[in-house]
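So the structure is just underneath, and the comments pick up after that.
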Amino acid sequence: MSKVCEFELNGKQEIFEFEKVAKQSNGAVLAKIGNAVVLATVVSEFDNPVSEDFTPLTVQYIEKTYAAAKLPGGFIKREGKPSDFETLTSRVIDRSLRPLFPKGYVYPTTITVMVLSADKNVDLQTLSLNAANAALYTSNLPIKKSVCGVRVGKIENTLVINPTNEQLENSTLDLYVAGSKEELLMIEMKTISSSELVEIDIEAFTKIHNTNEMDEDALVEAIAFAQNALKEANLTYEKAFEEVSKEKFEVELVKFTIEESVINYVRDNFSNDIKEAIKKLAKSERATQLKDVAKMISKNEYCISNEIEFNTIYEAVSVVKREIVRAMIVNERVRADGRGLKDVRPISIETNILPSTHSSCLFTRGETQALVIGTIAGPKDGQMYEVLTDKSTSMENFMVHYNFPGFSVGEAKPMFGVGRRELGHGNLAKKALEATIDKDYNETVRLVSEILESNGSSSMATVCGGSLALKAAGIPISDLVAGVAMGMVVENDKYAILTDIMGLEDHDGDMDFKVAGTSKGITALQMDIKLGGIELSVLKEALLQAKEGRTHILSLMKDAEKDIVPSGALPLIEQFAIDPSKIMVVIGKAGATIKEIIEKFTVSIDLDKENGTVKVSGGNKQNIIDACEHIKTISNNAPSKKDASKNIDFEKLYSEDEVVIGKVERLADFGAFILLPKGGEGLLHISKISKDRVKNVADVLSIGQELEVKVLKVKKDRIELSSAN
């Protein structure tokens, strides 16, 4: 018999139904809000432990198209490769719940979340995390803490918990926070630009929209607001789920420990060697330096006589290395590469180094290097994708694709498909940059970040290089965006905040968070906390220190901006407007006219039927000018709907057998409409164009062509013509 927990939380009725479906799993729940129904299951293989020191957790978030009464798009009518949203949501759930697993839990575990019914007013990402938490918390796994997620929006300067999708469209903030009733574990945040104009540059003919960057105080306030909501939600969940929770299975937590005597031997005799290796590690993410030290130690008489295995020695070296790195930072306030806690590594910037690309930027910070390439295309060239709750297909016109080849960290491995990490890093960079792009700019922009070297903070190098690549491509942005990766080391009651962390500090530190923004404030943030929580006062201190680093990087980027020389491959674009009623004339029958213009002048043309905007782009300036003039001529010679609807008395203007010179206005299957010199238009039927049989009007006539026509019949409201020849 099923067990149901029902309660109201943040103004929404939530229903969790247990022991109804998927009863073979360790934990399962049907979670419902409104018309949204999500199934979350947890399965752990207690009899199949792995032999490595990590938590073998896999999370899958799956959207079923039947949940929105739709069929899968495309040729194959079955769900296949996960969408970017599904992958990113899986990653969010993983990062939120992984800290709950106790150290030494080595049993393969899979959390599966399936959307069975969708509701456009329900945030599926938040519901799915909370459903996964419910399944995990009530399962027989040794998880004794509830972790849930909340989303915070800012609508008309008011913070809102778990806004609907419709409300989020009017929000200037998208903040997603996951945590327990005591601790914050994960934060993702981006600002959203609004249509509100803050400035109009008359000389540059540009409008600057409000990008809504957040200052540090406002962001901490929003996080505190979310933390209060998390506390309330987790207390509610823990109380509600207490009666339905299964008895916890007692599993063995494997301790991957090394004999203290080995660690002491390495620490007492080889600390200086390890320190030297640490200095080299500061220049690379490769682990070869530590292995060299371990090999040297393994040849020592002590290790040989005690038959100590190489892997044990290497693990002992890693333990001592971590101790040294953390002690240097916390006690000596110096880092492995000699930097102070607030110092940023040396930066070099080059723009437009690839002559055949629209734009490019090589951004190097220490041993991290990103080559970011920008490409511009038309509005219709974006990435089409489906949103589960939308009936129509959506278009993504700004893309950031992040690639992390093995050679960037000295690994000999081939390049395959995009992984979750690469999708996540690209998505973070996109969040940081998209708010600064002019909302009226509707071209498609693709940034590709090729990480050529990596020693920490490659996603933030992508942000910096991406912002300059946008600038180098002439794309209207409100300001440059810089990003910096921050870290923290905590030892007892001491802590140290690090600016621009490298791979070594990321691995041995207690917190990794990335902050991106302009000179006005923060546009995006991502934080993962390894130490089990952070005080808001410490978080604010870290944000202010990040601001110092960001300001320094922005000053160097602005210097590099002055040296930008536009690429010769950059597409030339001319834009003008015509009467919207004449757009169809420019298009012609079945697109014949516009195809002819495109082929004749070797250009691309985008037309907006609603406002009459015409955009012509191409590689040859004269061709673009000629194409624009040609389109304007067609438009000027075509009557508007207003003119065509005038009540013209043809009997007063024309007489039968009269020959006049007219101009082809538009083509139809049955003939051509001819603009007459005294006003109005007449029909030249396909049978009257020539003595020879005409199969296709467009084969013998074209828009704008002048020809002699003879008046056959005249009536008060219409006139019939034939070719005078």
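Quick reminder: no glycine exception, Cβ is built from N, Cα and C everywhere.
For reference, Swiss-Prot has these:
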BINDING   Asp506, Asp512  Mg(2+) binding site
DOMAIN    571-631  domain 'KH'
DOMAIN    657-724  domain 'S1 motif'
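For the binding-site residues listed here (Asp506, Asp512), the lowest count of other CB atoms within 10 A around the CB belongs to Asp506.
Across the domain 'KH' (571-631), the model assigns an average pLDDT of 87. When secondary structure is read from DSSP and collapsed to three states, Asp512 (Mg(2+) binding site) falls in the strand class.
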